[in-house]
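One structure below.
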Amino acid sequence: MNSLRLEPISRVAGEVNLPGSKSVSNRALLLAALARGTTRLTNLLDSDDIRHMLAALTQLGVKYKLSADKTECTVHGLGRSFAVSAPVNLFLGNAGTAMRPLCAALCLGSGEYMLGGEPRMEERPIGHLVDCLALKGAHIQYLKKDGYPPLVVDAKGLWGGDVHVDGSVSSQFLTAFLMAAPAMAPVIPRIHIKGELVSKPYIDITLHIMNSSGVVIEHDNYKLFYIKGNQSIVSPGDFLVEGDASSASYFLAAGAIKGKVRVTGIGKHSIGDIHFADVLERMGARITWGDDFIEAEQGPLHGVDMDMNHIPDXAMTIAXVALFAEGPTSIRNIYNWRVKETDRLHAMATDVRKLGVSEEGDLHYITVTPPTQLKHAEIDTYKHHRIAMCFSLVALSDIAVTINDPGCTSKTFPDYFDKLASVSQAV
């Protein structure tokens, strides 16, 4: 296994321009494929998850042209649901942003599709979504364990009418239904949410992209979603993929801990995990908001006790910032960490203990109490890109840190460590 030793960083300063958002990129690609007309996507993320979506779209008969640097993609929309004459086997890696929405979208058309991926994908639940789709006429069969991929979709279309979606496990279940809803007939559904909807900013991302594609969806405090009738997905022409607010969190955290960093490609009107900056501000960092940037500057940091369900990705970075804060930090209402690309709660708890950090928690929270002195540790990333990136911040202390399998950042941010080095000054 490859590893990367990061030597202590004395200070960070500078500006980082963000790559496109993974969540936005894959949603936009799927909608562009289904839309009437041609869509030009710019600032597309070039990463493993996006490559899996593009490969799937190719197998589904979608034509597109990718620029040499893979950040611009012109997609020729089908203007209809997917239809194939022979069975198609789609390998989706560990990309939940491809697996869940594609599962629903494929049910709208015709043909037989096998959806599978890496071993971890077989541990990521999809049963709530499949159950809802089955109530609307979907024919889906599990190939191994009930409730989990791999699975086979025998597509024959979906019925309309009201549906109840469990929002407590993953917002991607709701996203999948929202993206499929305009094509459901004869009655466009109302979507009722069971439980407390997790990761609401990611639903805002879905609603924004669908609105750009001609589909207006309204909601009642995230409890009931209304899709107006007589709407169809149409190309927006040009669509700019916004920077990844979750990726911004590492650089904003670095500025809050030891210097001053400006991140461009997102701003005060952005959606997604930008509320991470609000948490940094509550911890004592100085935050400046612009239309197209967010800047974080070092301040005396103190621990917080907060519900961070709305920022599930960036909350991991808060666990790393907590190592530099005065007093304990409690990150609450994060049960859905356990059903991400890896069991994030287990991974975070295991790795912070290696650093000499006092940690406690259960299925729903983690509390981190920093020691007087961190210890050098080899951080196991569990093939999880965000674990690699958030633990890189340990180098902002006076000890080095070793990141095992640093290449796992290719899922969302292939050149992350180069970008970190560009704003870092060695001790």
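Note that Cβ sites are derived from N, Cα and C of the backbone, with glycine treated the same way.
Among the features that Swiss-Prot reports, phosphoenolpyruvate binding site is placed at Lys22, Gly96, Arg124, Gln172, Arg344, Arg386, Lys411. According to Swiss-Prot, the feature 3-phosphoshikimate binding site maps to Lys22, Ser23, Arg27, Ser170, Ser171, Gln172, Ser199, Asp313, Asn336, Lys340, an assignment based on sequence analysis. The active site, proton acceptor feature in Swiss-Prot is assigned to Asp313; the stated evidence is sequence analysis.
Taking the features listed in Swiss-Prot, we show where each one sits on the structure.
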residue: Lys22; record: phosphoenolpyruvate binding site; Cβ contacts under 8 Å, 6 or more apart: Leu45, Ser47, Asp49, Ile50, Thr97, Asp244, Lys411, Thr412
residue: Ser171; record: 3-phosphoshikimate binding site; Cβ contacts under 8 Å, 6 or more apart: Leu197, Val198, Ser199, Lys200, Tyr202, Ile203
residue: Gln172; record: phosphoenolpyruvate binding site; Cβ contacts under 8 Å, 6 or more apart: Gly96, Thr97, Arg100, Pro101, Leu129, Tyr202
residue: Asp313; record: active site, proton acceptor; Cβ contacts under 8 Å, 6 or more apart: Ser246, Ser249, Asp273, Arg386
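DSSP assigns the residue listed as 'active site, proton acceptor' to coil in the three-state reduction, outside any helix or strand. For Arg27 (3-phosphoshikimate binding site), the count of additional Cβ atoms within 10 Å of its Cβ stands at 26 [all protein chains shown]. Secondary structure at Arg27 (3-phosphoshikimate binding site), as computed by DSSP, is helix. For the binding-site residues given as Arg344, Arg386, the lowest number of other CB atoms within 10 Å of the residue's CB is seen at Arg344. The 10 Å shell around the Cβ of Ser199 (3-phosphoshikimate binding site) contains 23 further Cβ atoms across the protein chains shown.
A distance of 19 Å separates the Cα atom of Arg124 (phosphoenolpyruvate binding site) from that of Arg27 (3-phosphoshikimate binding site). DSSP classifies Ser199 (3-phosphoshikimate binding site) as coil under the three-state reduction.
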